[in-house]
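Take a look at the structure below.
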Amino acid sequence: MKKTKIVSTLGPASDDIETITKLAEAGANVFRFNFSHGNHEEHLARMNMVREVEKKTGKLLGIALDTKGAEIRTTDQEGGKFTINTGDEIRVSMDATKAGNKDMIHVTYPGLFDDTHVGGTVLIDDGAVGLTIKAKDEEKRELVCEAQNTGVIGSKKGVNAPGVEIRLPGITEKDTDDIRFGLKHGINFIFASFVRKAQDVLDIRALCEEANASYVKIFPKIESQEGIDNIDEILQVSDGLMVARGDMGVEIPFINVPFVQKTLIKKCNALGKPVITATQMLDSMQENPRPTRAEVTDVANAVLDGTDATMLSGESANGLYPVQSVQAMHDIDVRTEKELDTRNTLALQRFEEYKGSNVTEAIGESVVRTAQELGVKTIIAATSSGYTARMISKYRPDATIVALTFDEKIQHSLGIVWGVEPVLAKKPSNTDEMFEEAARVAKEHGFVKDGDLVIIVAGVPFGQSGTTNLMKLQIIGNQLAQGLGVGTGSVIGKAVVANSAEEANAKVHEGDILVAKTTDKDYMPAIKKASGMIVEASGLTSHAAVVGVSLGIPVVVGVADATSKIADGSTLTVDARRGAIYQGEVSNL
(Lines of atoms letter the chains of each structure in order from A and count residues from 1; the text may use other names and numbers.)
(Lines give C-alpha, C1' and ligand atoms only; values in the text may rest on other atoms or scores of the structure.)
Protein backbone atom coordinates (compact mmCIF):
# COMPACT_ATOMS: atom_id res chain seq x y z
CA MET A 1 0.00 0.00 0.00
CA LYS A 2 1.45 3.37 -1.06
CA LYS A 3 2.10 5.71 1.87
CA THR A 4 3.48 8.74 0.03
CA LYS A 5 0.61 10.75 -1.43
CA ILE A 6 0.47 12.01 -5.02
CA VAL A 7 -0.83 15.42 -6.08
CA SER A 8 -1.85 15.43 -9.75
CA THR A 9 -2.58 18.65 -11.65
CA LEU A 10 -5.59 18.61 -13.96
CA GLY A 11 -5.65 20.36 -17.32
CA PRO A 12 -6.40 19.82 -21.01
CA ALA A 13 -4.71 16.39 -20.97
CA SER A 14 -6.91 15.21 -18.09
CA ASP A 15 -10.23 16.79 -18.87
CA ASP A 16 -12.67 13.87 -18.83
CA ILE A 17 -14.04 11.40 -16.31
CA GLU A 18 -12.32 8.42 -17.91
CA THR A 19 -8.84 9.97 -17.60
CA ILE A 20 -9.43 11.29 -14.07
CA THR A 21 -10.63 7.82 -13.06
CA LYS A 22 -7.44 6.29 -14.46
CA LEU A 23 -5.35 8.90 -12.60
CA ALA A 24 -7.09 8.00 -9.32
CA GLU A 25 -6.66 4.28 -9.93
CA ALA A 26 -2.98 4.82 -10.77
CA GLY A 27 -2.41 6.46 -7.38
CA ALA A 28 -3.44 10.14 -7.42
CA ASN A 29 -4.77 11.25 -4.01
CA VAL A 30 -5.26 15.00 -4.47
CA PHE A 31 -6.11 16.86 -7.67
CA ARG A 32 -4.60 20.32 -8.14
CA PHE A 33 -6.44 23.08 -9.97
CA ASN A 34 -4.03 25.72 -11.25
CA PHE A 35 -5.89 29.05 -11.21
CA SER A 36 -3.09 30.72 -13.17
CA HIS A 37 -4.87 29.20 -16.16
CA GLY A 38 -8.48 28.65 -17.16
CA ASN A 39 -11.66 30.23 -15.85
CA HIS A 40 -14.11 29.40 -13.09
CA GLU A 41 -16.42 27.55 -15.44
CA GLU A 42 -13.64 25.20 -16.61
CA HIS A 43 -12.42 24.55 -13.06
CA LEU A 44 -15.93 23.87 -11.74
CA ALA A 45 -16.55 21.33 -14.50
CA ARG A 46 -13.36 19.47 -13.50
CA MET A 47 -14.19 19.70 -9.78
CA ASN A 48 -17.54 18.09 -10.44
CA MET A 49 -15.79 15.34 -12.40
CA VAL A 50 -13.44 14.64 -9.47
CA ARG A 51 -16.36 14.29 -7.06
CA GLU A 52 -18.10 11.98 -9.53
CA VAL A 53 -14.96 9.83 -9.80
CA GLU A 54 -14.70 9.76 -6.00
CA LYS A 55 -18.23 8.34 -5.76
CA LYS A 56 -17.66 5.95 -8.64
CA THR A 57 -14.36 4.50 -7.38
CA GLY A 58 -14.88 4.81 -3.62
CA LYS A 59 -11.42 6.40 -3.37
CA LEU A 60 -10.87 9.44 -1.16
CA LEU A 61 -9.89 12.32 -3.49
CA GLY A 62 -8.93 15.83 -2.42
CA ILE A 63 -9.33 19.08 -4.36
CA ALA A 64 -6.62 21.74 -4.12
CA LEU A 65 -6.89 25.31 -5.42
CA ASP A 66 -3.51 26.72 -6.46
CA THR A 67 -3.61 30.52 -6.55
CA LYS A 68 -2.03 32.59 -9.32
CA GLY A 69 -0.41 34.79 -6.69
CA ALA A 70 1.13 38.21 -6.92
CA GLU A 71 3.66 37.88 -9.71
CA ILE A 72 5.49 40.14 -12.13
CA ARG A 73 5.12 39.57 -15.86
CA THR A 74 6.10 41.28 -19.09
CA THR A 75 3.38 42.89 -21.17
CA ASP A 76 2.69 41.71 -24.73
CA GLN A 77 5.56 42.04 -27.19
CA GLU A 78 5.20 43.53 -30.65
CA GLY A 79 4.99 40.52 -32.95
CA GLY A 80 4.54 38.21 -29.95
CA LYS A 81 8.25 37.76 -29.19
CA PHE A 82 11.74 38.87 -30.18
CA THR A 83 15.33 37.68 -29.88
CA ILE A 84 17.86 39.52 -27.74
CA ASN A 85 21.61 38.92 -28.05
CA THR A 86 24.36 38.88 -25.46
CA GLY A 87 25.52 42.42 -24.69
CA ASP A 88 22.46 44.14 -26.17
CA GLU A 89 21.15 47.13 -24.23
CA ILE A 90 17.46 47.03 -23.35
CA ARG A 91 15.34 49.14 -21.05
CA VAL A 92 12.73 47.86 -18.59
CA SER A 93 9.78 50.24 -18.24
CA MET A 94 7.17 50.30 -15.47
CA ASP A 95 4.39 51.33 -17.88
CA ALA A 96 2.18 48.24 -18.13
CA THR A 97 -0.09 49.81 -20.76
CA LYS A 98 2.38 49.45 -23.63
CA ALA A 99 3.72 46.59 -25.73
CA GLY A 100 7.43 45.79 -25.69
CA ASN A 101 10.11 45.44 -28.36
CA LYS A 102 13.85 44.75 -28.62
CA ASP A 103 14.64 48.23 -27.27
CA MET A 104 12.26 48.27 -24.30
CA ILE A 105 10.07 45.82 -22.42
CA HIS A 106 7.34 46.72 -19.95
CA VAL A 107 6.44 44.96 -16.70
CA THR A 108 3.24 44.71 -14.64
CA TYR A 109 4.79 45.80 -11.32
CA PRO A 110 5.72 49.51 -11.09
CA GLY A 111 7.60 48.93 -7.82
CA LEU A 112 10.29 46.90 -9.60
CA PHE A 113 12.16 50.16 -10.26
CA ASP A 114 12.29 51.00 -6.54
CA ASP A 115 12.99 47.47 -5.28
CA THR A 116 16.01 46.75 -7.51
CA HIS A 117 19.50 48.26 -7.56
CA VAL A 118 22.31 48.88 -10.03
CA GLY A 119 24.36 45.71 -10.43
CA GLY A 120 21.35 43.53 -9.72
CA THR A 121 19.77 41.02 -12.07
CA VAL A 122 16.36 40.77 -13.71
CA LEU A 123 15.42 37.33 -15.04
CA ILE A 124 12.80 36.77 -17.75
CA ASP A 125 10.85 33.54 -18.34
CA ASP A 126 12.22 31.43 -15.46
CA GLY A 127 15.74 32.65 -16.19
CA ALA A 128 15.75 31.98 -19.94
CA VAL A 129 17.05 35.53 -20.37
CA GLY A 130 19.15 37.37 -17.78
CA LEU A 131 19.51 41.15 -17.68
CA THR A 132 22.12 43.04 -15.63
CA ILE A 133 20.98 46.46 -14.35
CA LYS A 134 23.60 48.98 -15.51
CA ALA A 135 21.79 52.18 -14.51
CA LYS A 136 18.47 53.57 -13.27
CA ASP A 137 16.79 56.38 -15.24
CA GLU A 138 15.06 58.21 -12.38
CA GLU A 139 13.22 60.65 -14.65
CA LYS A 140 11.60 57.99 -16.84
CA ARG A 141 11.58 55.29 -14.11
CA GLU A 142 13.29 52.84 -16.42
CA LEU A 143 15.99 50.26 -15.71
CA VAL A 144 18.87 50.39 -18.20
CA CYS A 145 20.00 46.79 -18.68
CA GLU A 146 22.46 44.63 -20.60
CA ALA A 147 21.57 41.13 -21.81
CA GLN A 148 23.63 38.41 -20.13
CA ASN A 149 22.80 35.85 -22.82
CA THR A 150 21.09 35.35 -26.14
CA GLY A 151 17.46 34.33 -25.84
CA VAL A 152 13.85 34.97 -26.71
CA ILE A 153 11.58 37.33 -24.78
CA GLY A 154 7.89 36.64 -25.29
CA SER A 155 4.57 38.08 -24.16
CA LYS A 156 3.37 37.79 -20.56
CA LYS A 157 6.50 36.01 -19.35
CA GLY A 158 7.43 35.81 -15.68
CA VAL A 159 9.89 38.33 -14.27
CA ASN A 160 12.12 37.68 -11.23
CA ALA A 161 14.63 39.79 -9.34
CA PRO A 162 16.78 37.33 -7.35
CA GLY A 163 17.77 38.37 -3.84
CA VAL A 164 15.45 41.36 -3.82
CA GLU A 165 12.61 41.91 -1.35
CA ILE A 166 9.62 42.50 -3.62
CA ARG A 167 6.80 44.49 -2.04
CA LEU A 168 3.92 42.82 -3.82
CA PRO A 169 0.65 42.14 -1.97
CA GLY A 170 0.27 38.70 -0.37
CA ILE A 171 -2.92 37.95 -2.27
CA THR A 172 -4.33 39.79 -5.25
CA GLU A 173 -7.89 40.68 -6.09
CA LYS A 174 -7.96 37.75 -8.49
CA ASP A 175 -6.72 35.41 -5.75
CA THR A 176 -9.49 36.63 -3.44
CA ASP A 177 -12.15 35.99 -6.09
CA ASP A 178 -10.69 32.57 -6.90
CA ILE A 179 -10.49 31.52 -3.24
CA ARG A 180 -14.08 32.59 -2.56
CA PHE A 181 -15.17 30.63 -5.62
CA GLY A 182 -13.26 27.56 -4.44
CA LEU A 183 -14.63 27.74 -0.90
CA LYS A 184 -18.14 27.95 -2.29
CA HIS A 185 -17.58 24.75 -4.25
CA GLY A 186 -16.02 22.57 -1.56
CA ILE A 187 -12.25 22.68 -2.01
CA ASN A 188 -10.11 20.91 0.60
CA PHE A 189 -6.76 22.66 0.22
CA ILE A 190 -5.37 26.03 -0.85
CA PHE A 191 -1.86 26.09 -2.31
CA ALA A 192 -0.88 29.75 -1.88
CA SER A 193 1.63 31.02 -4.45
CA PHE A 194 4.53 33.39 -3.70
CA VAL A 195 4.06 33.48 0.08
CA ARG A 196 6.76 35.66 1.61
CA LYS A 197 5.61 36.18 5.20
CA ALA A 198 3.13 34.88 7.77
CA GLN A 199 0.65 37.68 7.12
CA ASP A 200 0.13 36.38 3.57
CA VAL A 201 -1.20 33.13 5.06
CA LEU A 202 -3.30 34.95 7.66
CA ASP A 203 -4.96 37.01 4.92
CA ILE A 204 -6.06 33.78 3.22
CA ARG A 205 -7.17 32.28 6.53
CA ALA A 206 -9.40 35.31 7.08
CA LEU A 207 -11.16 34.54 3.78
CA CYS A 208 -11.71 30.94 4.91
CA GLU A 209 -13.12 32.03 8.26
CA GLU A 210 -15.36 34.55 6.52
CA ALA A 211 -16.85 31.62 4.56
CA ASN A 212 -17.08 29.35 7.66
CA ALA A 213 -14.47 27.12 6.02
CA SER A 214 -11.69 27.06 8.60
CA TYR A 215 -11.37 23.32 7.86
CA VAL A 216 -9.72 24.12 4.50
CA LYS A 217 -5.98 23.53 4.84
CA ILE A 218 -3.57 26.24 3.66
CA PHE A 219 -0.24 25.22 2.13
CA PRO A 220 2.01 28.21 1.33
CA LYS A 221 4.37 27.75 -1.61
CA ILE A 222 7.89 28.81 -0.71
CA GLU A 223 9.35 30.31 -3.88
CA SER A 224 11.69 33.13 -2.82
CA GLN A 225 14.57 33.95 -0.49
CA GLU A 226 12.22 36.08 1.60
CA GLY A 227 9.90 33.11 2.07
CA ILE A 228 12.86 30.93 3.05
CA ASP A 229 14.10 33.54 5.53
CA ASN A 230 10.64 33.77 7.15
CA ILE A 231 9.91 30.03 7.08
CA ASP A 232 9.55 29.52 10.83
CA GLU A 233 6.91 32.22 11.28
CA ILE A 234 5.15 31.07 8.09
CA LEU A 235 4.96 27.48 9.33
CA GLN A 236 3.48 28.56 12.65
CA VAL A 237 0.32 29.83 10.91
CA SER A 238 0.17 27.23 8.11
CA ASP A 239 -1.32 23.73 7.86
CA GLY A 240 1.41 22.41 5.60
CA LEU A 241 3.92 23.54 2.98
CA MET A 242 4.83 23.16 -0.67
CA VAL A 243 8.46 23.18 -1.74
CA ALA A 244 7.87 24.90 -5.10
CA ARG A 245 11.20 24.47 -6.81
CA GLY A 246 10.37 26.26 -10.08
CA ASP A 247 10.40 29.93 -9.13
CA MET A 248 12.59 29.08 -6.14
CA GLY A 249 15.33 27.95 -8.52
CA VAL A 250 15.17 31.31 -10.25
CA GLU A 251 14.94 33.47 -7.12
CA ILE A 252 17.86 31.74 -5.37
CA PRO A 253 20.98 30.07 -6.84
CA PHE A 254 19.84 26.74 -8.29
CA ILE A 255 22.71 24.95 -6.56
CA ASN A 256 21.03 25.76 -3.22
CA VAL A 257 17.63 24.28 -4.10
CA PRO A 258 18.34 20.65 -2.99
CA PHE A 259 19.50 21.81 0.43
CA VAL A 260 16.63 24.23 0.93
CA GLN A 261 14.31 21.35 0.01
CA LYS A 262 15.83 19.14 2.71
CA THR A 263 15.67 21.90 5.32
CA LEU A 264 12.03 22.76 4.62
CA ILE A 265 10.97 19.10 4.66
CA LYS A 266 12.76 18.49 7.95
CA LYS A 267 11.07 21.51 9.57
CA CYS A 268 7.64 20.29 8.43
CA ASN A 269 8.33 16.74 9.61
CA ALA A 270 9.37 18.00 13.03
CA LEU A 271 6.12 19.95 13.40
CA GLY A 272 4.01 17.10 12.06
CA LYS A 273 2.78 19.28 9.18
CA PRO A 274 2.46 17.70 5.71
CA VAL A 275 4.87 18.85 3.02
CA ILE A 276 4.62 18.54 -0.77
CA THR A 277 7.66 18.46 -3.07
CA ALA A 278 6.83 19.92 -6.47
CA THR A 279 8.02 21.07 -9.89
CA GLN A 280 9.70 19.16 -12.71
CA MET A 281 9.66 15.86 -10.82
CA LEU A 282 8.93 13.81 -13.95
CA ASP A 283 9.05 16.70 -16.40
CA SER A 284 10.31 14.69 -19.39
CA MET A 285 7.15 12.57 -19.23
CA GLN A 286 5.25 15.45 -20.79
CA GLU A 287 6.70 14.09 -24.02
CA ASN A 288 8.14 10.65 -23.19
CA PRO A 289 6.45 7.53 -21.80
CA ARG A 290 9.28 6.87 -19.32
CA PRO A 291 11.08 9.19 -16.87
CA THR A 292 14.79 9.92 -16.98
CA ARG A 293 16.98 8.21 -14.41
CA ALA A 294 17.66 11.60 -12.84
CA GLU A 295 13.92 12.17 -12.39
CA VAL A 296 13.45 8.76 -10.76
CA THR A 297 16.27 9.60 -8.37
CA ASP A 298 14.76 13.02 -7.65
CA VAL A 299 11.38 11.56 -6.65
CA ALA A 300 13.01 8.83 -4.57
CA ASN A 301 15.23 11.30 -2.74
CA ALA A 302 12.24 13.52 -1.92
CA VAL A 303 10.56 10.50 -0.29
CA LEU A 304 13.75 9.65 1.60
CA ASP A 305 13.99 13.31 2.70
CA GLY A 306 10.58 12.86 4.33
CA THR A 307 8.12 14.48 1.93
CA ASP A 308 4.46 13.60 2.54
CA ALA A 309 3.50 14.04 -1.10
CA THR A 310 5.10 14.26 -4.52
CA MET A 311 3.46 16.43 -7.17
CA LEU A 312 2.96 16.36 -10.92
CA SER A 313 2.30 19.59 -12.82
CA GLY A 314 2.46 19.70 -16.61
CA GLU A 315 3.03 15.94 -16.70
CA SER A 316 -0.62 15.22 -15.84
CA ALA A 317 -2.15 18.54 -16.94
CA ASN A 318 -0.75 19.04 -20.44
CA GLY A 319 1.51 16.10 -21.24
CA LEU A 320 1.12 13.21 -23.64
CA TYR A 321 1.27 10.59 -20.86
CA PRO A 322 -0.76 11.80 -17.84
CA VAL A 323 -1.77 8.36 -16.53
CA GLN A 324 1.68 6.85 -17.10
CA SER A 325 3.18 9.79 -15.18
CA VAL A 326 1.05 9.07 -12.10
CA GLN A 327 1.76 5.34 -12.39
CA ALA A 328 5.50 5.97 -12.63
CA MET A 329 5.42 8.24 -9.59
CA HIS A 330 3.36 5.64 -7.69
CA ASP A 331 5.90 2.93 -8.50
CA ILE A 332 8.87 5.09 -7.46
CA ASP A 333 7.15 6.08 -4.20
CA VAL A 334 6.29 2.48 -3.29
CA ARG A 335 9.78 1.19 -4.07
CA THR A 336 11.40 3.95 -2.02
CA GLU A 337 9.11 3.29 0.95
CA LYS A 338 10.66 -0.17 1.24
CA GLU A 339 13.93 1.58 2.04
CA LEU A 340 12.19 3.76 4.63
CA ASP A 341 11.07 0.63 6.48
CA THR A 342 14.69 -0.13 7.34
CA ARG A 343 15.36 3.43 8.53
CA ASN A 344 12.58 3.77 11.09
CA THR A 345 14.97 4.04 14.04
CA LEU A 346 16.55 7.05 12.38
CA ALA A 347 13.12 8.62 11.98
CA LEU A 348 12.47 8.15 15.68
CA GLN A 349 15.75 9.83 16.61
CA ARG A 350 15.78 12.70 14.14
CA PHE A 351 13.42 15.00 16.05
CA GLU A 352 15.27 15.09 19.38
CA GLU A 353 16.01 18.80 18.97
CA TYR A 354 12.39 19.56 18.06
CA LYS A 355 10.61 17.60 20.79
CA GLY A 356 7.53 19.35 22.15
CA SER A 357 5.95 18.87 25.54
CA ASN A 358 2.37 18.03 24.60
CA VAL A 359 0.83 14.67 25.43
CA THR A 360 -0.40 13.90 21.91
CA GLU A 361 3.09 14.17 20.44
CA ALA A 362 4.57 12.02 23.21
CA ILE A 363 1.94 9.35 22.60
CA GLY A 364 2.58 9.55 18.85
CA GLU A 365 6.23 8.66 19.36
CA SER A 366 5.37 5.95 21.91
CA VAL A 367 2.85 4.39 19.53
CA VAL A 368 5.41 4.11 16.74
CA ARG A 369 8.05 2.64 19.05
CA THR A 370 5.55 0.10 20.40
CA ALA A 371 4.39 -0.85 16.90
CA GLN A 372 7.99 -1.34 15.84
CA GLU A 373 8.83 -3.51 18.86
CA LEU A 374 5.74 -5.73 18.55
CA GLY A 375 5.57 -5.90 14.76
CA VAL A 376 2.14 -4.24 14.72
CA LYS A 377 0.99 -3.60 11.14
CA THR A 378 -1.98 -1.31 11.83
CA ILE A 379 -2.36 1.72 14.08
CA ILE A 380 -5.92 3.03 14.49
CA ALA A 381 -6.08 6.67 15.58
CA ALA A 382 -9.42 8.17 16.57
CA THR A 383 -9.06 11.87 15.76
CA SER A 384 -11.41 14.85 15.84
CA SER A 385 -9.04 17.32 14.19
CA GLY A 386 -6.49 15.06 12.45
CA TYR A 387 -3.70 16.15 14.81
CA THR A 388 -3.23 12.72 16.40
CA ALA A 389 -2.79 11.02 13.02
CA ARG A 390 -0.23 13.65 11.97
CA MET A 391 1.76 13.24 15.19
CA ILE A 392 2.00 9.51 14.50
CA SER A 393 2.78 9.99 10.80
CA LYS A 394 5.77 12.25 11.55
CA TYR A 395 7.68 9.22 12.86
CA ARG A 396 7.09 7.30 9.61
CA PRO A 397 5.95 3.95 11.09
CA ASP A 398 6.06 0.75 9.07
CA ALA A 399 2.45 0.23 10.19
CA THR A 400 -0.50 1.66 8.28
CA ILE A 401 -2.16 4.54 10.15
CA VAL A 402 -5.95 4.25 9.96
CA ALA A 403 -7.35 7.64 10.97
CA LEU A 404 -10.84 7.13 12.36
CA THR A 405 -12.61 10.45 12.01
CA PHE A 406 -16.20 11.57 12.29
CA ASP A 407 -16.18 14.56 9.93
CA GLU A 408 -15.93 14.25 6.15
CA LYS A 409 -13.98 17.52 5.94
CA ILE A 410 -11.31 16.25 8.36
CA GLN A 411 -11.24 12.96 6.45
CA HIS A 412 -10.39 14.78 3.21
CA SER A 413 -7.78 16.98 4.91
CA LEU A 414 -5.87 13.87 6.02
CA GLY A 415 -5.75 12.54 2.46
CA ILE A 416 -2.43 14.30 1.89
CA VAL A 417 -0.66 13.05 5.05
CA TRP A 418 2.00 10.34 4.65
CA GLY A 419 0.91 6.83 5.61
CA VAL A 420 -2.56 7.87 6.78
CA GLU A 421 -5.70 6.13 5.50
CA PRO A 422 -8.62 8.33 6.66
CA VAL A 423 -11.87 6.47 7.33
CA LEU A 424 -15.22 8.03 8.16
CA ALA A 425 -17.09 6.45 11.07
CA LYS A 426 -20.14 7.16 13.18
CA LYS A 427 -19.28 9.01 16.36
CA PRO A 428 -19.48 6.70 19.40
CA SER A 429 -20.77 7.97 22.73
CA ASN A 430 -18.02 6.56 24.95
CA THR A 431 -14.56 5.04 24.86
CA ASP A 432 -15.70 1.41 24.91
CA GLU A 433 -17.93 2.03 21.90
CA MET A 434 -15.01 3.77 20.20
CA PHE A 435 -12.77 0.70 20.60
CA GLU A 436 -15.52 -1.50 19.13
CA GLU A 437 -16.13 0.94 16.26
CA ALA A 438 -12.40 1.23 15.53
CA ALA A 439 -12.00 -2.53 15.24
CA ARG A 440 -15.17 -2.91 13.18
CA VAL A 441 -14.37 -0.14 10.68
CA ALA A 442 -10.73 -1.19 10.23
CA LYS A 443 -11.81 -4.77 9.57
CA GLU A 444 -14.66 -3.70 7.27
CA HIS A 445 -12.24 -1.67 5.10
CA GLY A 446 -9.75 -4.53 4.90
CA PHE A 447 -6.96 -2.96 6.96
CA VAL A 448 -7.04 -5.76 9.54
CA LYS A 449 -8.27 -9.32 9.89
CA ASP A 450 -9.22 -11.54 12.80
CA GLY A 451 -6.21 -12.30 14.95
CA ASP A 452 -4.25 -9.14 14.14
CA LEU A 453 -2.73 -7.18 16.98
CA VAL A 454 -3.46 -3.46 16.57
CA ILE A 455 -2.77 -0.28 18.51
CA ILE A 456 -5.74 2.01 19.10
CA VAL A 457 -5.08 5.63 20.04
CA ALA A 458 -7.76 7.94 21.44
CA GLY A 459 -8.52 10.62 23.99
CA VAL A 460 -10.51 10.76 27.22
CA PRO A 461 -12.89 12.56 27.55
CA PHE A 462 -13.79 11.19 24.15
CA GLY A 463 -14.51 13.42 21.15
CA GLN A 464 -12.68 16.55 22.33
CA SER A 465 -9.92 17.83 20.06
CA GLY A 466 -6.44 17.81 21.59
CA THR A 467 -7.12 15.32 24.38
CA THR A 468 -5.22 12.27 23.05
CA ASN A 469 -3.97 10.46 26.13
CA LEU A 470 -4.74 6.78 25.63
CA MET A 471 -3.03 3.91 23.80
CA LYS A 472 -4.48 0.39 23.81
CA LEU A 473 -3.21 -2.87 22.36
CA GLN A 474 -6.12 -4.92 21.05
CA ILE A 475 -6.52 -8.19 19.19
CA ILE A 476 -8.99 -8.10 16.33
CA GLY A 477 -11.49 -10.93 16.26
CA ASN A 478 -13.67 -13.12 18.43
CA GLN A 479 -12.59 -13.95 21.93
CA LEU A 480 -14.56 -17.12 22.50
CA ALA A 481 -13.98 -17.60 26.18
CA GLN A 482 -12.07 -16.51 29.26
CA GLY A 483 -10.65 -18.52 32.14
CA LEU A 484 -7.62 -18.78 34.37
CA GLY A 485 -4.38 -19.24 32.49
CA VAL A 486 -1.65 -21.59 33.61
CA GLY A 487 1.81 -20.72 32.28
CA THR A 488 2.80 -17.86 29.99
CA GLY A 489 2.79 -19.39 26.53
CA SER A 490 0.31 -19.35 23.67
CA VAL A 491 -0.52 -21.93 21.03
CA ILE A 492 -2.55 -22.23 17.83
CA GLY A 493 -4.17 -25.53 16.95
CA LYS A 494 -7.25 -27.55 16.05
CA ALA A 495 -9.82 -27.95 18.82
CA VAL A 496 -10.72 -31.50 19.81
CA VAL A 497 -13.81 -31.52 22.04
CA ALA A 498 -13.93 -34.70 24.12
CA ASN A 499 -16.50 -35.74 26.73
CA SER A 500 -14.52 -38.76 27.95
CA ALA A 501 -10.95 -40.01 28.20
CA GLU A 502 -11.71 -42.71 25.67
CA GLU A 503 -12.95 -40.13 23.14
CA ALA A 504 -9.97 -37.85 23.82
CA ASN A 505 -7.41 -40.60 23.38
CA ALA A 506 -9.02 -41.66 20.10
CA LYS A 507 -9.39 -38.18 18.55
CA VAL A 508 -6.40 -36.10 19.68
CA HIS A 509 -3.46 -35.95 17.28
CA GLU A 510 -0.07 -34.33 17.67
CA GLY A 511 -0.49 -30.55 18.08
CA ASP A 512 -4.26 -30.51 18.71
CA ILE A 513 -5.85 -28.54 21.55
CA LEU A 514 -7.82 -30.71 23.96
CA VAL A 515 -11.15 -29.26 25.15
CA ALA A 516 -12.72 -31.15 28.05
CA LYS A 517 -14.94 -30.74 31.11
CA THR A 518 -12.19 -32.14 33.33
CA THR A 519 -9.15 -34.40 33.08
CA ASP A 520 -7.55 -37.19 35.09
CA LYS A 521 -4.80 -39.78 34.60
CA ASP A 522 -6.92 -41.61 32.01
CA TYR A 523 -6.54 -38.58 29.66
CA MET A 524 -2.72 -38.73 29.70
CA PRO A 525 -2.25 -40.41 26.26
CA ALA A 526 -4.24 -37.55 24.68
CA ILE A 527 -2.62 -34.82 26.82
CA LYS A 528 0.88 -35.93 25.82
CA LYS A 529 0.01 -35.35 22.15
CA ALA A 530 -1.83 -32.06 22.76
CA SER A 531 -0.19 -28.65 22.33
CA GLY A 532 -2.60 -27.04 24.81
CA MET A 533 -5.68 -27.65 26.97
CA ILE A 534 -8.97 -25.87 27.71
CA VAL A 535 -10.85 -27.28 30.68
CA GLU A 536 -14.13 -26.34 32.36
CA ALA A 537 -12.93 -27.53 35.79
CA SER A 538 -11.30 -24.72 37.75
CA GLY A 539 -8.38 -24.44 40.13
CA LEU A 540 -4.63 -24.11 39.86
CA THR A 541 -4.29 -27.45 41.66
CA SER A 542 -6.58 -29.26 39.23
CA HIS A 543 -5.22 -32.20 37.25
CA ALA A 544 -5.09 -30.21 33.98
CA ALA A 545 -3.22 -27.31 35.62
CA VAL A 546 -0.64 -29.49 37.31
CA VAL A 547 0.00 -31.63 34.22
CA GLY A 548 0.15 -28.56 32.00
CA VAL A 549 2.89 -27.03 34.13
CA SER A 550 4.74 -30.35 34.16
CA LEU A 551 4.59 -30.72 30.37
CA GLY A 552 5.14 -27.01 29.68
CA ILE A 553 2.02 -26.57 27.54
CA PRO A 554 -0.45 -23.65 27.74
CA VAL A 555 -3.57 -24.47 29.75
CA VAL A 556 -6.68 -22.42 30.54
CA VAL A 557 -8.88 -23.77 33.34
CA GLY A 558 -12.25 -22.64 34.66
CA VAL A 559 -13.66 -21.96 31.17
CA ALA A 560 -17.42 -22.13 31.60
CA ASP A 561 -19.29 -24.21 29.00
CA ALA A 562 -16.10 -24.72 26.96
CA THR A 563 -17.25 -28.04 25.50
CA SER A 564 -20.47 -26.51 24.22
CA LYS A 565 -19.09 -23.08 23.17
CA ILE A 566 -16.14 -24.37 21.18
CA ALA A 567 -16.77 -26.16 17.90
CA ASP A 568 -14.98 -29.46 17.42
CA GLY A 569 -12.36 -29.12 14.67
CA SER A 570 -12.24 -25.32 14.74
CA THR A 571 -8.93 -23.43 14.81
CA LEU A 572 -8.19 -21.80 18.15
CA THR A 573 -5.54 -19.67 19.78
CA VAL A 574 -4.95 -20.33 23.48
CA ASP A 575 -3.27 -17.50 25.39
CA ALA A 576 -2.33 -18.85 28.81
CA ARG A 577 -0.87 -15.55 30.00
CA ARG A 578 -4.21 -13.76 29.56
CA GLY A 579 -6.39 -16.81 30.14
CA ALA A 580 -8.07 -16.08 26.80
CA ILE A 581 -9.26 -18.32 23.96
CA TYR A 582 -9.62 -16.77 20.50
CA GLN A 583 -11.33 -17.98 17.36
CA GLY A 584 -8.80 -18.46 14.56
CA GLU A 585 -5.10 -17.68 14.45
CA VAL A 586 -3.86 -14.80 16.58
CA SER A 587 -0.23 -13.71 16.28
CA ASN A 588 1.89 -11.29 18.32
CA LEU A 589 0.67 -12.60 21.68
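Placement of Cβ uses the backbone N, Cα and C atoms for every residue, glycine included.
Noted in Swiss-Prot for the protein shown:
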- Arg32, Gly246, Asp247, Thr279: substrate binding site (BINDING)
- Asn34, Ser36, Asp66, Thr67: K(+) binding site (BINDING)
- Asn34, Phe35, Ser36, His37, Arg73, Lys157: ATP binding site (BINDING)
- Glu223, Asp247: Mg(2+) binding site (BINDING)
- Lys221: site 'Transition state stabilizer' (SITE)
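Positions of the features from Swiss-Prot, shown on the structure.
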residue : record                             : contacts (Cβ under 8 Å, 6+ apart)
Phe35   : ATP binding site                   : His43, Leu65, Asp66, Thr67, Lys68, Lys174, Asp175, Asp178
Ser36   : K(+) binding site                  : Asp66, Lys68, Gly69, Ser193
His37   : ATP binding site                   : Gly11
Lys157  : ATP binding site                   : Arg73, Thr74, Ile124, Asp125, Ala128
Lys221  : site 'Transition state stabilizer' : Asp66, Gly69, Phe191, Ala192, Ser193, Phe194, Val195, Met242, Ala244, Ala278
Glu223  : Mg(2+) binding site                : Ser193, Phe194, Val195, Ala244, Gly246, Asp247, Met248, Glu251
Thr279  : substrate binding site             : Ala244, Arg245, Gly246, Met248, Gly249, Met311, Ser313
Can you tell which of Asp66, Asp247 has the most other C-beta atoms within 10 Å, given these are the binding-site residues?
Asp66
Pick from Asn34, Thr67: which of these binding-site residues has the biggest number of other Cβ atoms within 10 Å of its Cβ?
Thr67
Protein Cβ atoms within 10 Å of Arg73 (ATP binding site), excluding its own:
16
What three-state secondary structure does DSSP assign to Thr67 (K(+) binding site)?
coil
Where the record names Asn34, Phe35, Ser36, His37, Arg73, Lys157 as binding ATP, the maximum Cα to Cα distance in Å:
17
Other CB atoms within 10 A, centred on Arg32 (substrate binding site):
26
Extent of the substrate binding site in Å [max Cα distance among Arg32, Gly246, Asp247, Thr279]:
18
Around the C-beta of Gly246 (substrate binding site), how many further C-beta atoms are within 10 angstroms, looking at every protein chain?
16
Assigned conformation of Thr279 (substrate binding site) - DSSP reduced to three states:
coil
Using the Cβ centroid of Asn34, Ser36, Asp66, Thr67 as the reference point for the K(+) site, which residues of the same chain not in that list have Cβ within 8 Å?
Arg32, Phe33, Phe35, His37, Leu65, Lys68, Gly69, Phe191, Ser193
